[in-house]
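Before any comments, here is the structure.
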Amino acid sequence: SGSCTLKTCWKKMPTFRDVGNRLKSYFDGAVKVTGGNSGENLIPEDETVKQPTIKDLVYSMESHDFCEPDRKSGSLGTEGRRCNSTSMDVGGCDIMCCGRGYHEVLAEKRENCRCRF
């Protein structure tokens, strides 16, 4: 009689947060480029930036300003949207309001909770 051993290997995806952090890192280091004459190489617009590698994120056109409405892209802008005054992230008022300022409103809401004792 013989014994049999079973070995299973698999690849595991990183957490969603890890993937997001890596993408954000690529985004923050993205380089604006133009095409070379041969069409095979990319040339950074900023001469002080190193030549991008195959793993670098590059772009060729600036994004429109998401602060203002833009019919062509379908962006409604950020004016009138709710923001988080305590957040320093993209949902925070300092970033979302694009320097226009914002009004902070403190509201009290009373509801019947239908509590029973």
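Cβ atoms are placed via backbone N, Cα and C, with glycine included.
Here is what Swiss-Prot records for this protein:
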type	residues	note
LIPID	S1	O-palmitoleoyl serine
DISULFID	C83-C98	disulfide bond
CARBOHYD	N84	N-linked glycosylation site
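Here the features listed in Swiss-Prot are painted onto the structure.
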| residue | record | Cβ neighbours (10 Å) |
| --- | --- | --- |
| C83 | disulfide bond | 17 |
| N84 | N-linked glycosylation site | 13 |
| C98 | disulfide bond | 14 |
To the nearest whole angstrom, state the Cα distance for the pair C98 (disulfide bond) and N84 (N-linked glycosylation site). 14
